[in-house]
Each structure stands twice: as structure tokens, then as C-alpha cells.
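Database features, via TrEMBL:
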{"type": "BINDING", "residues": "A:9, A:10, A:11, A:12, A:13, A:14, A:15, A:16", "note": "NADP(+) binding site"}
{"type": "BINDING", "residues": "A:105", "note": "NADPH binding site"}
{"type": "BINDING", "residues": "A:190", "note": "L-homoserine binding site"}
{"type": "ACT_SITE", "residues": "A:205", "note": "active site, proton donor"}
{"type": "DOMAIN", "residues": "A:357-433", "note": "domain 'ACT'"}
């Protein structure tokens, strides 16, 4: 089956990330999707820059309508943003029978009803995983993963700029204005940051989540929106003393007592012990509370070139699997198509690489630590940290704790055998593996 | 379209949860799936107990093969567990052309290759969201949400029993044996806890995740498996002093340097500041690192009747949408079918209910706090906590911080106007909303 052809409208930060990831991982993506996926046309007003990014791997045009008019193109990715030309082009693409993938939360939160109706009428998908929380598959979780539940509420840190600013205000005790300037300097806030800091961007996303969670139309105009511009360092400090952190949350909540839905964005005190209170910097996280599943949480990068591209491409794969591949290739049992599994070997434990924690019960005498560390050195295992307990009086033995850097398990096992044989090592050595998970 | 008929094999904890949630939320589930979903037959050796659970809403039989032989049944849920009869019944159901939903990680980790091949040959799905991390839609995230990525590693707390034991060991400084007995008494560990505490259950789940992440067949026999039975309280304490927590992790990691996959379960030191290190008690969490998306994390209840049922039913909805509904109803744009949206009103901010944080700059004189609290009391707003700063010498004014219990926003706004009018309130009152998110 020949690759599905995709047209890309707008090749800025997310567009170039999408092109690059799709090119870099094309083989892996094909094995998952059951069919190759290629961006064969790109439309951007800046034709020169677009050509620099795509080289000769895609045709670059200035006029997006050339893509929409091309019968070879099955899917159009809209990454232009805003309500104006983006709305017109999305509707034209739908009417031309193209599936649409978009990261445009503003467009969908305001014009979603019109756009989804047009798509349903034409039997095409408008997919928008990238519109909320970047690379976190939260749309999929709400739309497919939690379908058993009456959702009770959704609450998320869904704007990285404001979460970065709030984290910095708390860490450094600084006021909003000072941190905003710093965030702009570092590229975490735009030159005109209004949509972020006034909560509008978060409200677009919360609006989409409210529709997904509760089966209501998108109604951005009904959202209550407050940003973080009036937040004082003093309140962050007082909240901390009371055991709370302040986060800008987008919240959608079912209120069965009055038969309505709350839809609101505002700075919120959250208990410091909650995982979501510990989501720092530009990261995003969304909590979903369902009547069957209880509380779930989804965490990851909410913006940036490749994290957002990850969501755009997941939508391309979904559309390819569900609408353009044969039914047998829809969603394969093991994520990759059955005829695309590989026999990549599972390594034996000796070949595994990890860092280690070692606890040695040793005689409290001179030279003990040196004999241990020289065994490690001879095995090319480097030491990250040592913790030596002072021995209790009259005890004559003590614990030595060693953290190592990453090493091969086989090497560690050999070194452990040597250390265990030392007369000054008085008990079986405890060894545990350590992972930084970074 | 008449409801899709489902047969349930085994109505224990998860089975009864599935039956109950499907009954309770049937209307909401139908609006999402595009078709009703009903369990019309239940097979359980304990026919009496099964009848008590389902009443007259489903036919109860002792022989599972009656369900498999019934041409009205489209989907079979297998919740028997184990490798024996469960394997035979799953294969028979597939051969009878039924889709299968199962929570049986042991079966799939060991016999998955055979079972998935049989399903592919018959063109049916074997869905298993409930087999890993209970209600967390991690299978869906790996299989559909992160398809753009070369997955670098997956690491998860995927056994609630051991995480509960490790949390208790750390909190109370107790040794493994003592906490295990306590966990058994509380129902967090089974009478024969071997599969959990020796890491076997986690290894079954890690095996499934390794296949989904890397496109390899399931190979449980290649997994390296270590449990927590030998873990000493001393090591948990030393790890803490070095800034680490010890968690039983299931890890699958791509090793491009040697062209292999690591697949292992063992107690692991994790930096205490990572979110996953703060996942306590019986909760589960899985981290996935992809080359495009970076680090993502998925958190929720990994076991229990209704959390697991949430995953089983999500699979039923997936199958209904993808394989038995007409193409127009596959995955609706807004989670609910387009003709099933409701006009539930979005509430005005005055109707919203939250708790509040108030900061009042007040004159440092007698009776100030009492005049404030009596306004709140008269408005039926109850106080959760008060923090009063001592005024600096010669300053004659001070901050009063009040946390309230939940109240209606309209009531709070009226009370704020009254408090603001007090002559002893010297600056605009700061009010922020507070959410417990529990």
C-alpha cells in the first residue's frame, strides 16, 4: 500500500518538529500504522525557510489552497493558528473530503461546533490531540480511555508559561512582573504573553476538555477566565505556610446538585502533597476524576516542537489506522502490526546497565574503604557517593553505603564477589539497582 | 441499533464491578459508544452468588461454553485468571468469532503470541487495557497515544500490593515481614502473596509493555524478576538519607548500543524528587520516555473492582466503536456521539462552589478578627483555618489569612463586599479559590 500523503499548512515550531519526527521515525511509525505516512506538500508564506526545513523531501507552496485542491492528499495538518484564515482553510479542507489534524485550541474552542458538524457531514475526522497539553495523550484518555465513567471533574495545569512563572515566583520569592520578564528572556513567554498570563489559552483547553468529559458542545464564551497577573509573592508564601501551592488550573466539574457544569480557569490553592502540586516549570498535568476509576493523572511536556509533534503524529496514525488502512490493520494488539514485530533480543541480566546502591557491613578498621574502592576501580565502576556510618561504641563494625555510576551488571557481580571475599566484609553485601528516570 | 451483547466469564471482584458500572452508567456509555452495551450472560461456577449480583438482568450459567456457543454474544469478557481453563476458553471464544476482553496479564505475557495470532486469523480483537495498571489507560497511551515516538524506556509501579508494603515500610520504619502481615490483614495482600511480592505479577505487566513499546513478541520467560522479600528497613532508611526512595519497578528499556531490550523487575532506588517516587500506597504509575515527547507519566488506581472495570469497559466501547458500529460512529470528535451531546448549562461564576483563601490587611486592634468572622458566619461561610501575622513593631497593621470551607461564589462575593467596607480593613482583600482535588 503506498504511503498516505499529508499536506502541512504552516511550518513553524510545531510544523518543523512534525516534519522532522515523521522523517526520523518513519520506519517505526509505518510498522505501527500499517502504512507509511509522508508529508509530501508544505504550505507556508515563508517559502524560503520552509524549503530549508524540508529540502527536496516535500513540495513547498505559498498557497495553502494548492494543498487542499490536490486529490493525492488525504490528510491536512493545520498549524497556522488563530481564528481567521485557519478556520477558512480547515472548513475548505473538510469540504474537499480531507481529514484534518490541528493543534489549534483557540479555533476549536470557539468554532468547534461548526467545524465538527462539517466534518461529520463529510465523514472525515478532525483530530486535535495536540490542542491540549501538548504531547500528553489526554484527549485520547478522555475520549477513549475513560469511557466507562461518569467523569466528575477534570483539573489541569494546561499552560506551561504560567506554570513556569508560578514555579519561579515560589522558588525565588519574586513578584509576577519580575518573573515574567525573565520568562520572556528565556523564551518561556512570548513577547505578547496576554493569552497565556490572562488564562485565555488555558480556558480554550479547558473548554475542549469540558466537552469531552461531559458531552456538551464547546462553549468558550461561557468559561470564567482569570489569569495570574495580580498574584502577589506574599500569597504564594502564605499558601505555602498553610500547606498549599498555587497553580493556574483549568477546571471542568459536573454539578449534579444544580444540573450544570462548572468551567473555569483561575489561580488555585492545591494541597502541597498532591502530585499535581509538584508539577514544576513548563510541565503540564491533567487530573481526571471518574466515578469508577477514581483519580487519574497524566503528566508531560505541554508545549514545544517535538512534544507537540508527538501528538500531531499520533493523530495521523489514528486516522491512517481507522480510516485509510484495511480493517485488519486498525489497532494492532501489540501496537505494531502483527507482521512488523521484530526479534530484537531481550538481554540477559549480565548485559543490563544500571547504577547501584551497595551496603557493606565492614570491620571498623583502617584501609577497609580503600580495599573496597580499589576493587570497584579495577572493575571500571566509578563511585557517585559514599555514606559511612560511625560505628557505635564497642561495636567495631559499621555500614558503608556506596552509590555507583552506571555500569554493566556482569561487571558489578564480579566486583561484588571480590568484595564479599574480603575478610573485613562481615556480612552478605546488599546491592540494589538505581535509576535516575530522567 | 440493538445493544451489543456481552458474555462475562467469571464474576468475582472485577466481574461484579464491570457488571455494576456498565449498568449504572449505561446511558452515558451508550452516548459515547454509539450503541448500547449489555452483559446478557454470565458464567460462574458459583451460580448462586452470580445470581445475587446480576439479579434478573442477565442469564447465569455454570458452563462458560454456553456463552461461547451463543451466536447472539459478540464479545466475551474473560475474568477467570490463570493459564489453564482461561487459555482454552479465550481460544475457543476467538475461534467462535467473538472479540475478547481480558484482564489476564499472566495469560497474555506467557501465551500472548498464540492468542494474538489466533485473533488476527479470525479478525477479532483481544483487548487487555485492564491487564496493566488497572484503570490507568496505559495500554492505549503506548499503543495509540505515543505512536510518533521511538520509545526509549518504560518504567512503572505496576503492582499495588508491593507499593503499599514499601510505603508502609518507609513510613513506619518496619521490616518486610511485619508489613506483609499487616497488608494481608487489611486486604492489600492476598493470603498467598507470592506472585505479588516476588515480582511475578509486575513482570507479566512489564512483559506486555515491552512488546507494546518496542514491537517485540511477549517473552515473559526472558524477564529478570526480583521481588521485595529481601528488602531491609535499613536500606530504605539509607536510601532516604541519600535522597532516594525504593520502589518496585517494572522496566523495559531500548539498548541501541547492543541492539537489545532490557526487561526487568526489581526494587529500585529512584530520586525522591521525581513524581513517581511520591506515588504511595496501592497506587500505580507508569513513566514512558519517548524521543519526541520526552517524559510522560500516567497515574491512578492499579487494582480494585471498579478501577479495573473502568478499563474492561473502555475495551468494550473500543470494540463497539471500531468493529460493530457503523463507520460514522467510530470515535466521535467530542467523545460522545454527535447526536448525543446535551445542553447541560455551563454555570455562571456566582453558582460555582469552591473553598477560598482570603488575605486581609487589617488594623492591628481589638475586635478586628471578630468583625470579619461574624460577616462570614452571617453568610453561612464556615472557616477552616486562620493565620494571623504578628504586626511588626510600630506598624499597627497586619495580615489576616483565612481559609474557608466550600461555599457558593455568590455568597462569598457578597461577604467580601461587606468585609471590604469595614473601616479596619485597610487594603483591597485578596481572594483566591482553593481545591482539594481529592
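Just so it is clear, glycine is given a Cβ too, placed from its N, Cα and C backbone atoms.
Distribution of TrEMBL features across the structure.
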| residue | record | CB count, 10 Å |
| --- | --- | --- |
| A:10 | NADP(+) binding site | 25 |
| A:11 | NADP(+) binding site | 26 |
| A:12 | NADP(+) binding site | 16 |
| A:13 | NADP(+) binding site | 15 |
| A:14 | NADP(+) binding site | 25 |
| A:15 | NADP(+) binding site | 28 |
| A:16 | NADP(+) binding site | 23 |
| A:105 | NADPH binding site | 27 |
| A:190 | L-homoserine binding site | 13 |
| A:205 | active site, proton donor | 25 |
Integer mean pLDDT for the domain 'ACT' (A:357-433): 94
Same chain, 6+ residues apart, C-beta under 8 Å of the C-beta of residue A:9 (NADP(+) binding site), given in sequence order: A:43, A:44, A:64, A:67, A:76, A:77, A:78, A:79, A:80, A:89
Alpha-carbon distance [residue A:13 (NADP(+) binding site); residue A:105 (NADPH binding site)] in Å: 16
Check: same-chain CB within 8 A of NADP(+) site center, minus A:9, A:10, A:11, A:12, A:13, A:14, A:15, A:16: A:8, A:17, A:18, A:44, A:79
Residue pair residue A:10 (NADP(+) binding site), residue A:205 (active site, proton donor) - Cα distance, angstrom, rounded: 21
Among A:12, A:14, A:15, A:16, which are recorded as binding-site residues, the nearest neighbour of the residue listed as 'active site, proton donor' by Cα: A:14
Residue counts (helix, strand, coil, in that order) that DSSP gives for the domain 'ACT' (A:357-433): 23 helix, 28 strand, 26 coil
Rounded inter-Cα distance in Å - residue A:12 (NADP(+) binding site), the residue listed as 'L-homoserine binding site': 15
C-alpha spacing of residue A:190 (L-homoserine binding site) relative to residue A:13 (NADP(+) binding site), in angstrom: 13
Between residue A:190 (L-homoserine binding site) and residue A:11 (NADP(+) binding site), the C-alpha gap once rounded to whole angstrom: 18
